[in-house]
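Shown next, in structure tokens, is the structure this report addresses.
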Amino acid sequence: MWIDIRDCGEFYTDGTVVNDGSITALIAIAYVIITMAFLFHIVGMILILTKSSEMTNQSLLLLHLSTVSIALLAVNVYAVYSFANSLPTNITFRVTFYIIYIAYVVNLLLLSMDRLALAFLDIRYSHVMSRKMFALQIALLWILSVSFGLATKYVAALNGSMNIRQEVSFSYNGFVVLFTAFSYVTIYIRVRSSRDNVQSAGSTLSRDLFKKYLIPACLVLSYFLLNLVPSIIERFVNNTAHRRDVTIALIGLNCLNNLVEPIIYVFLQRSIRQKLAALCHLCFDRITVYRTISENQIAAPDKECAGFRDNLGSETTD
């Protein structure tokens, strides 16, 4: 998201403009999307953790991505609240936002790199991409994120000019998208050249695992369509009267991107999808059992009352 988060709520601080119906509706929709995204990510994380024995580097990166997305959603809650109540935000909030946002972007980059490593390392993938490698990746991710976040506070160019921050955002976001495109062109060439391995049951390039290559591609595509494209459009909206509406809508679209993430990685992984189906089936069975018990408990007194009335009627007749 390339809006200047520091300016949240500063467009109408003089009180001359109040929230109209469209603003209220956008805020309500944003909160609904954020709430659903929270729930979806929690469910997605639980499903990933249930397959801890099968945890790969990609699974760990997806788990970390969900954690970062939840933090990003929490920041967006405050951003929406600031817009809704015309409250200015301080430099600490902006630094926090950029630290989490850069962590999210780098996490997407690491997912694409992980799939590239899978295509070339094949059976050596699990040995090379070990837990130590994951820890190293996450350490570098947060070092880079914290460095950039603090730079927005202490580097004069980034702190003083929104245009410079936007140009920097164009650079690293564009790099992530282009690197993902390059990675998947390379993966496609690698898979096509290893067609024999694709048909081999013992290869990580088997047809059953091929769908796992699509997860980072779909995540980056969602990020591109729901985050980057709206941000580019928002950059050219210069009318202050509509800028606030567009900015709130942009936050909502960013949160919608976070909502789509767990749907993507759950749908594209058969084992997780099956566990979700089993969990839903279990919940449905529990609800059915509780409903049956409740109905029986309600029906039992009715039968006793009916029996009492029958006995009372027979005694009266006698």
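Cβ from N, Cα, C; glycine included.
Quick look at what TrEMBL annotates:
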- 23-49: transmembrane segment (TRANSMEM)
- 40-265: domain 'G-protein coupled receptors family 1 profile' (DOMAIN)
- 61-83: transmembrane segment (TRANSMEM)
- 95-113: transmembrane segment (TRANSMEM)
- 134-152: transmembrane segment (TRANSMEM)
- 172-191: transmembrane segment (TRANSMEM)
- 212-233: transmembrane segment (TRANSMEM)
- 248-268: transmembrane segment (TRANSMEM)
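Put simply, of 134-152, 172-191, 248-268, the stretch with the most CB pairs closer than 8 A to the transmembrane segment (212-233) is 248-268. Pairs of Cβ atoms less than 8 Å apart link the transmembrane segment (95-113) most often to 134-152, out of 23-49, 61-83, 134-152, 172-191, 248-268.
Just going by CB pairs under 8 A, the stretch in 134-152, 172-191, 248-268 that sits most against the transmembrane segment (61-83) is 248-268. Counting residues 6+ beyond its ends, the transmembrane segment (172-191) has Cβ neighbours under 8 Å at 102, 105, 108-109, 112-113, 115-116, 119-120, 198, 205, 210, 213, 216-217, 220, 223-224, 228 in the same chain.
In the predicted structure, the domain 'G-protein coupled receptors family 1 profile' (40-265) carries a mean pLDDT of 81.
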